[in-house]
Structures are given as structure tokens and as C-alpha cells.
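Worksheet: the structure to be examined is printed underneath.
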Amino acid sequence: MNIVILGTQWGDEGKGKIVDMLTEDVAAVVRFQGGHNAGHTLIIDGEKTILRLIPSGILREGVLCLIGNGVVLSPPALIEEIEELNAKGIPVTEQLRISSACNLLLPYHVALDKAREAELGTKAIGTTGRGIGPAYEDKVARRGIRAMDLLHPDQLLEKIKKATAYHNIQLEHYYHQTPLDYQSIYNQLMEFREKIKPMIGDVSALLGNLRRQNKHIIFEGAQGSLLDIDLGTYPYVTSSNTTAGSAATGSGFGPLYFDRVLGITKAYVTRVGAGPFPTELTNEEGKKMAKRGNEFGSVTGRPRRCGWFDVISMRRTIQINSLTGIVLTKLDVLDEFAKIHLCTAYRCDGEVVNEPPFDQSLLESCEPVYEEMPGWQTSTYGLTDYSEMPKEARNYISRLEELLGVPITIISTGPDRKHTIVRQAVFNQVITAKG
């Protein structure tokens, strides 16, 4: 069985924990888009691990972890991550494979990203400054350096020289930044080459072989659907396609081979950086939500904006991803709220609408229409049995299912792998559904 697991909001939904939990009986986990601009946090027996590029299956012995062609790969970030995991006794090089068609994220991409954000000032998009956007620009413009280029040093030197000269024109003459030295970039890549060369290969062919052996494969998305470059809250989006279609194009795996698509969503909503956020809470409730949920970026440390669950945007996410199931995370964050609110419509220019407008100027003016429900005001932290959950919490979950039309198959009640209620088996492995 082949399953896509992705975020349904603006990222930070808890994908890493869920992927890790489900990898017990899978052969491989695949990253198919994004870069090291988002982190997946795993907590196992109290020990925290943050992954930025390497798929979340790396903590399971024998699980292949594949970086697909849709990822933009920062060599220094990857090496740092490998060394951190090796220090914990995890044999990364035995489990990790990198698509030879994967584009590399290089120093001039980072320099351009930072220069552009500085130029925009208060109108900045709010990128992480890690060079993701410029790296994807080079990919689309067909001047990108790919992992396979590391296997041909002489050709690589000429490509680096041309690309650096091209980007230095912008850096030096438009942004008034110090130009970069192509030889230094090349020398650095040669050092990385020796460390990652054995892991470079044909990920698409490897996936094909696993499929023919009827192995279970998870395709792990980064960020969230509302950050999709085409279907998200443009221009306040990331530079890749974060929706289910990207799992095929970003890995070289045919779309008809996918069996299920699981969407990860928090029991509330968060967002990092600029952009419209209809249900955002800027009052004490929002601060309480952020504090209880420890809402700070795992990579950047930036505080996240918080708000009530948005049914309208979630319906759009279900539609564009063809979700077959929902995983609800961080339910325990709502434990102390006396009242819970669900946004069931928007009021835009005096008109009640049930679809989120793509026009961002209109979306920014939309106000949420709320349905109020009683809170449970008792701890759900660490629960593993649905029948032990407070009635009000179960009512909240039932109402979400009713409004969304998709079953909530898994509920996360805490950060650890064990803090989980499985209501419906994902693979064919034996899992006792609770409730």
C-alpha cells in the first residue's frame, strides 16, 4: 500500500510524529518536495529529534529513506543532519538514498533570498531565508545544479562558474551585496561530494521495485497545503507544490499507484510569517493557545500565529488533495478552553461565503462566522483509548467529521509516539482501533 501523508494547513501540523508512528511496517519513506526550511519534530521516549531533509522513517531500523527529485537539497544542511543522527547511533548512510535528479541549494540561493527579503522590508513574504525560492527558480529556468552533477566534477566546475556569474549580477548591481566566489562554492561541493556520493541514485526505479514487491511506502510532505505555490494563499506561500499531486511528480512514482491520502491537521490553526489568516486570535485566547501548544518554529524559532479551526479552508484542502482520512493533532492544547469555536463560513464584504476566495485582498477582508461548542476542561494528554476521552471532546471530533465529510482516523494527544488514538487501521498491520 502506498500512502501520501501531508499537512492541510500552513505547516507545523505534526506530520513527523505521525509518519514516524506509521513506519513500523513500511519499506520506505519518501520526501518529495521542499527543502530544509521546515522541520519535523519527533519525540520518542522523551528524546527530541528534529529532521529537516531526511524523511521521518530514519528512526526505524531498516526503513529506506528517500529524497525525491522534487526536493531542493542543501548539502551542508544534509551533512549536518546526518552527523547529528550518527551521533545518536543511527546509521543514516545505510538507509538514505538521494535522487540523482534532485536540485542542489547553493550559497548564491541563500544570498539572494536574504537580499530580497531585506529589500522588501515591511512587505517581506516572511521566508526562512534559506534559499528555497531561488533554488526552485534555477530549477525551472533549467540552470540548476543537480545531485548527478556531483558525479562529473569537470562539468560541474563550468556549471558553477556560469551560475555564480549570473547570480552575482543581481547580488552586486541590484542588491549591492558582495559577489560570491565560484571556486569556493565548487571546492565546498567537492568536499560534500565524497560524503554523499554513495547515496545518490535512481529513486524512481527503486520505488518501482518496491511497488512490484508489494511493499508499503509512505510519501511524506513538507509544510502544508495552504502554502502550495499554485493553490495556497499566494503570494504568501512556499516555492513548491505542497499538495498530493506533487507526491507523484516529486518522486517519479505514478499517480495511479497511490492508495490513500491522509491529511494532518491541528485541532486549531497556526501560521508562521505574513499572509491572511481569517480565524487568527490576537487576544489572550491566542496567547494561551500558543503557550499551551509551544508554537514556535522547529527550524527558525519564530512564534506562530494561532486561531480557531477553519472548516472552510479545510474543505478546500480536502478537495485539492482528495483526502481519504484526517489525522487530528494537538487536541490536548484545547483542554483548558471553556468554549471551542469552529469557523463554518466567512463573511466577505457583507456576504456570507462557504468557499475561501483565491483573491488575497478579498480573503484578508473576510471575517469568520463561528459555531460555538462547549469545551471539556479536563486533560486528554496521552490518552490512547477513544472511549476514555471526555464526551465534549468526542462531540467536537464528531462535529468536525460531520462538517468535513471525511473520517478522523487518528488522534494525537501528545508529542510522543505513544500519545495516539488509532480509530482506523492505516495499513493492513494489526492495530487495535480504539472506539
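In case you wondered, yes, glycine gets a Cβ from its N, Cα and C as well.
Features as listed in Swiss-Prot:
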type: ACT_SITE; residues: ASP12; note: active site, proton acceptor
type: ACT_SITE; residues: HIS40; note: active site, proton donor
type: BINDING; residues: 11-17, 39-41, ARG304, 330-332, 412-414; note: GTP binding site
type: BINDING; residues: ASP12, GLU13, GLY14, LYS15, ASN37, ALA38, GLY39, HIS40, THR128, ARG142, GLN223, THR238, ARG302; note: IMP binding site
type: BINDING; residues: ASP12, GLY39; note: Mg(2+) binding site
type: BINDING; residues: SER298, VAL299, THR300, GLY301, ARG302, PRO303, ARG304; note: substrate binding site
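Taking the features listed in Swiss-Prot, we show where each one sits on the structure.
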residue : record                 : DSSP class
LYS17   : GTP binding site       : helix
ASN37   : IMP binding site       : coil
THR128  : IMP binding site       : coil
GLN223  : IMP binding site       : coil
GLY301  : substrate binding site : coil
THR413  : GTP binding site       : coil
*By CA-CA distance, flag whichever of GLY39, HIS40, GLY301, ARG302, ARG304 among the recorded positions is nearest to THR413 (GTP binding site).*
HIS40
*Give the number of CB atoms, excluding that of THR413 (GTP binding site) itself, located within 10 Å of its CB.*
23
*Could you tell me which of these binding-site residues, LYS17, ARG302, has the fewest other Cβ atoms within 10 Å of its Cβ?*
ARG302
*Have a look at the recorded positions ASP12, LYS17, HIS40, THR41, LEU331 and say which one has the shortest Cα distance to GLN223 (IMP binding site).*
ASP12
*ASP12 (active site, proton acceptor) and THR41 (GTP binding site), Cα-Cα, nearest whole angstrom*: 9
_Three-state secondary structure, which DSSP defines for the residue listed as 'active site, proton acceptor'_ = coil
*For the recorded positions listed here (HIS40, ARG304), which one has the lowest count of neighbouring CB atoms within 10 Å of its own CB?*
ARG304
_Among GLY11, GLY14, PRO303, which are binding-site residues, the residue with the most C-beta atoms within 10 angstroms of its C-beta_ = GLY11
*For LEU331 (GTP binding site) and the residue listed as 'active site, proton acceptor', what Cα-Cα distance in Å is obtained after rounding to a whole number?*
14
_Among THR128, GLN223 [binding-site residues], residue with fewest other Cβ within 10 Å_ = THR128
*Tell me the Cβ neighbour count for ASN37 (IMP binding site), meaning other Cβ atoms within 10 Å of its Cβ, over all protein chains shown.*
28
